[in-house]
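A.B. asks: Per TrEMBL, the features are:
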type     : residues : note
REGION   : 1-242    : region 'Disordered'
COMPBIAS : 21-50    : compositional bias 'Acidic residues'
COMPBIAS : 51-88    : compositional bias 'Basic and acidic residues'
COMPBIAS : 89-104   : compositional bias 'Acidic residues'
COMPBIAS : 105-114  : compositional bias 'Basic and acidic residues'
COMPBIAS : 115-196  : compositional bias 'Basic residues'
COMPBIAS : 203-212  : compositional bias 'Polar residues'
DOMAIN   : 321-436  : domain 'Ig-like'
DOMAIN   : 442-537  : domain 'Link'
DISULFID : 488-509  : disulfide bond
DOMAIN   : 542-634  : domain 'Link'
DISULFID : 587-608  : disulfide bond
């Protein structure tokens, strides 16, 4: 760095006088400066004093402000105290109000309880009254039904007795008629025998006098007979001369009369020989009469007898059927919600006695597994028609023709499956035909949350109903087995039997060396025995779907989610129907109404039932687990 430069002392070069003046001037300036400094000091003092005053004032102001603040604080405290007091008062008032409200609420609750109790008692009374009325009505109907049944039984008994009486009368009449005919035949035979004897005697007499009279012998003259060894009987010559045969007179020897005598000789010999042979072999003397009559009629057969070869003889069996009922099809197919016609026609014999004089009664009944029980469906007699039970408003006769007894069933239900009997009655004649109604559907095994073999028969029926199904029949299970159903747990069927279908025999399921089939456990106690159940369901009227939701759900959340979507959580029967009948396929496990988790696979693939198409079962998990989706069902109105 460069060294700092000092100013040159030019003042040292001035003159001495000038220097003094300058010194004086400097002194004056110093004095002035001192004065100024003093003034400045005074000013500073004044300013300091002023500042002190200001500070004092500010302090005073601050003190005043603090005092004001303290006052404000005190006022605020007082206000707060007042507010607290007011709050306490308000709280007390609120408490009092709450007490009053509680008292009023209690009073209202008591009144409500009293009202509800009264309402409940009233409802109970009405329910009791209704039940009593229903019981009386049921009793009355039961009484009426029993009375009707008794009358029907009485009528049938009367009818049976009448039929029996008529049959007895008819048999008695037939027996008497037979006896009378037998008596008449014997009498006729006796008379015939007597008459034959008389006629034989008469014939002998006539034969003796026939030579003289020449009766009925012209055609026999052309026949040759063996010569008689004995003498030839002859009549008087005068009588022979008077007789004429075919316009020629019989004279003496060599005349036609002599030929006639020889002919009669041969005839007499031949007749006596033939008669002896016949009477010896057959012991029927009446044949002699027939021979003689044939001889006498041989001359003019057309004048004495005519045989009518064109006559037609009608033979009718007395006890043959005059009414026939038949079904064009033994089995018809439909589905739940559809309509079906059960075919039935009847044919009458118009020539039968009493045909067309009675009203025709058509009765349809449903057959049950108990052959002694039949469920009434529909009865028609003339203008009178009646449907029974759940069939009311759904059944009617087709009436395509006068002999058409076909029954139409609309809006089919799962309970409509089975066999139906068509019975037609006219007077004492009746006949029946049976038609089977089969429904399109699917059979599936079911067991509850408790595990396998936990249902008696009645619980099994209810379990199927709860899952939008009915308990399956043996025929339905057999068809399902033929379709590939394989299940190793025995289950109830509608007839009360316990069975299970096996398509792949294996050791735990009846043995590995057994043949495939429906294994039968037989019939068990419906109240005490416990098994699984096979259910049957058909098409549904609605939409089955998997609900798309941003998160997995617990069971309760799943139920609510379906309700929020305008639907209900789906049932087991609905997922099986959607899978089997609609080909529904979804590889997402979802909650169902019974608390189980399942998913339907129609197209087997990796990680989604790779071995077969099926409704996969994930079990009955804890309902609080938030691990699954949900399947919903929205019914169409």
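From the backbone N, Cα and C atoms, a Cβ is placed for every residue, glycine too.
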A.B. asks: Taking just the CA atoms, what is the gap between residue 587 (disulfide bond) and residue 509 (disulfide bond) in Å?
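C.D. replies: That comes out at 29 Å between the alpha carbons.
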A.B. asks: What number of additional C-beta atoms lies within 10 angstroms of the C-beta atom of residue 509 (disulfide bond)?
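C.D. replies: Counting Cβ neighbours of residue 509 (disulfide bond) within 10 Å gives 17.
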A.B. asks: Counting each residue once, how many in the compositional bias 'Basic and acidic residues' (51-88) are helix, strand and coil under DSSP?
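C.D. replies: Residue counts in helix, strand and coil order: 38 helix, 0 strand, 0 coil.
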A.B. asks: Does anything in the same chain, at least 6 positions from residue 488 (disulfide bond), have a Cβ under 8 Å from its Cβ, and if so what?
C.D. replies: 500, 502, 506, 508, 509
A.B. asks: For a quick check of packing: other C-beta atoms within 10 Å of the C-beta of residue 587 (disulfide bond), how many?
C.D. replies: 14
A.B. asks: Taking the Cβ of residue 608 (disulfide bond) as centre, how many other Cβ atoms lie within 10 Å?
C.D. replies: 14
A.B. asks: Per DSSP, how many helix, strand and coil residues does the compositional bias 'Basic and acidic residues' (105-114) have?
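C.D. replies: Summed over the compositional bias 'Basic and acidic residues' (105-114), the classes give 10 helix, 0 strand, 0 coil.
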